[in-house]
Amino acid sequence: MPVTVLTVLCDFITLLILVIGRKRIFQSKSAEIKRREMNFARQVLAQGVVSLAHSFWYNQGRNLIPGFTEVWRIFLTSTFSSNLLHVFDATVVFTCNFEFKNWLFGEKKKQTTLLLVSTIQGRSH
């Protein structure tokens, strides 16, 4: 849990630095690069929040489940938290990552192949 909290804190500080200093940081970058970098920072922060929720539920969730023995509480929290981590982590990628969405749902470009054949003839004496 402490490592996850530290990771989320670092992600949040990085996002703040990007928001506060974006003019200085991105002054020579195009609008597309700025958008992509800020979107990536939001994605990383969202994935950190998902990891934080996973860590909390994994460590403390059994205290919130009434009516089961301790063994079942541990089983339910560990299984549930791991499954939700996989679901929400993928959801963050699907919703935040524009490049992935464009690759998955975008217009497929027709691939063309250029074949160049070259021959060299030499003289034999």
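Using the three backbone atoms N, Cα and C, a Cβ is placed for every residue, glycine included.
Keep in mind that TrEMBL annotations are predicted by a computer and have not been checked by a curator.
These come from TrEMBL:
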{"type": "DOMAIN", "residues": "3-97", "note": "domain '7TM GPCR serpentine receptor class x (Srx)'"}
{"type": "TRANSMEM", "residues": "6-26", "note": "transmembrane segment"}
Folded-back contacts onto the transmembrane segment (6-26), same chain, C-beta under 8 angstroms, at least six residues removed: 33-34, 37-38, 41-42, 44-45, 48-49, 51-52
Tally of DSSP helical, extended and coil residues in the domain '7TM GPCR serpentine receptor class x (Srx)' (3-97): 83 helix, 0 strand, 12 coil
